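Everything below concerns the one structure shown next.
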Amino acid sequence: MTKIVDIKAFEVLDSRGNPTVMAEVILESGAVGSACAPSGASTGSREALELRDGDKSRYLGKGVLTAVNNINTTIKNLLVGKDALDQRALDKAMIDADGTDNKSVLGANAILAVSLAAAKAAAVAKKVPLYAHIADLNGTPGKYSMPVPMMNIINGGEHADNNVDIQEFMVQPVGAKTFAEALRIGAEIFHNLKKILHDKGLNTAVGDEGGFAPNLPSNEEALKVIIVAVEKAGYKLGEDVTLALDCASSEFYKDGQYDLAGEGKVFSSAEFSDYLADLANKYPIISIEDGKDESDWDGWADLTNKIGNKVQLVGDDLFVTNTRILKEGIEKKIANSILIKFNQIGSLSETLDAIKMAQDAGYTAVISHRSGETEDTTIADLAVATAAGQIKTGSLCRSDRVSKYNRLLRIEAELGAAAPYKGRAEFKS
């Protein structure tokens with residue numbers, strides 16, 4: 001009854017108004033699963049390929065009809081008749097049919113949408129929540145935890161049209177006892193921050209991920225205004241709430257130097273390590289993502305040596321959810337955490353492999369959205385199913401972000417004590 005009988009694909013819109021792929025997998029039992037592929041703005045050069053049409057007369061060249069057609073023909077013919085419970089076999093069949101390292105023939109957006117839709121259909125057929133099915137696939141049934149949300153409340157870089165160089169300034173409610181309490185703390189900080197920015201005469205429009213995007217005199221000023229919001233909300237910095245950065249350094253790495261144009265400062269790699277180390281010493285920053293360019297492995301080693309014993313150093317563009325690259329990073333003791341994005345690698349099975357490799361090596365795994373999202377909430381189930389312990393899914397507004405938080409609230413209500421919220425203990429520092 002779990003045999004695939006039909007697969008359909010559609011061109012739909014993401015949260016930025018750009019086309020993306022939705023896939024629907026129908027099983028013999030009548031069970032249906034649907035999923036959408038997300039899309040990134042600041043992307044690693046070694047990510048799996050998001051197949052776009054390039055036809056400038058439609059969606060400024062960003063249409064995905066080719067990827068949709070690949071699902072409705074090649075992938076459908078490949079998978080109809082196969083068992084949706086055998087996720088690894090489905091993913092392998094699509095990967096083999098594509099035949100490239102970066103999924104450039106069928107498109108990572110096509111393969112991923114079908115991969116996730118098949119998992120959802122299988123969960124429906126089994127009459128279990130998606131997180132339970134993913135935990136079964138992961139070989140960790142019943143071993144759940146609720147993730148600490150890393151809430152991006154000030155946006156800069158590629159995620160906003162402002163002069164702030166660092167892409168994300170985040171808060172983590174590590175002192176909360178439950179996910180629901182953590183979400184409330186984050187929301188209260190968010191609303192206090194909005195009032196503070198408004199009273200300063202600063203812009204309270206939001207960026208791609210729902211965070212505010214004001215022009216500020218420096219990156220450090222973003223931290224200072226967040227600290228005021230935390231205190232105004234009635235919480236203790238460093239105890240109830242900690243801070244995190246996503247530098248997205250590849251976006252301002254030029255000719256071997258880190259150019260913070262918004263501040264008019266240029267750093268060598270070693271100097272930028274010292275800059276980040278200084279911020280981590282001055283403020284309770286417990287996580288820094290992409291603190292170095294994806295190609296600056298010597299710089300990554302330097303940063304890891306300087307602060308890796310007390311700060312979680314997350315590789316996003318560095319590792320692109322790819323086990324081959326992650327393995328090399330682990331061997332060279334580069335970073336101590338990996339950001340997990342489905343569409344960087346392009347299938348559920350490969351995503352689970354990356355999480356397992358990280359956890360087995362003592363690295364943390366942070367489950368993440370993309371800046372171009374949809375109403376799809378699969379990452380919430382993934383975070384709980386793999387006991388990853390951390391999730392990045394934006395700020396406390398925009399339904400493309402809040403939908404993931406709301407899904408996590410429902411999961412926590414279902415699981416109760418079977419999915420503990422561990423707070424500060426989840427971080428590599």
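Using the three backbone atoms N, Cα and C, a Cβ is placed for every residue, glycine included.
For Arg370 ((2R)-2-phosphoglycerate binding site), the same-chain residues that are 6 or more apart in sequence and have a Cβ closer than 8 Å to its Cβ are Pro38, Ser39, Gly40, Ala41, Lys341, Asn343. Look at Swiss-Prot and you will find Gln167, Lys341, Arg370, Ser371, Lys392 tagged as (2R)-2-phosphoglycerate binding site, backed by sequence analysis.
What Swiss-Prot lists as active site, proton donor is Glu209, and the listing cites sequence analysis. Here the Cβ of Glu209 (active site, proton donor) has 31 other Cβ atoms within 10 Å, regardless of which shown protein chain they belong to.
Per Swiss-Prot, the feature Mg(2+) binding site maps to Asp246, Glu289, Asp316. If you take the C-beta of Asp246 (Mg(2+) binding site) and look for same-chain residues 6 or more apart in sequence within under 8 angstroms, you find Asn152, Ile166, Gln167, Glu168, Met170, Ile288, Glu289, Asp290, Val314, Asp316, Lys392.
Feature annotation from Swiss-Prot assigns active site, proton acceptor to Lys341; the stated evidence is sequence analysis. Summarising the environment of Lys341 ((2R)-2-phosphoglycerate binding site), the number of other Cβ atoms within 10 Å of its Cβ, over all protein chains shown, is 26.
When the binding-site residues Glu289, Asp316 are compared by the number of other C-beta atoms lying within 10 angstroms of their own C-beta, Glu289 comes out lowest. Compute the center of the Cβ atoms of Asp246, Glu289, Asp316, which mark the site for Mg(2+); besides them, the chain residues with Cβ within 8 Å of that center are Gln167, Glu168, Leu245, Cys247, Ala248, Ile288, Asp290, Val314, Asp317, Leu339, Lys392. Straight-line distance linking the Cα atoms of Glu209 (active site, proton donor) and Ser371 ((2R)-2-phosphoglycerate binding site), rounded to a whole number, equals 6 Å.
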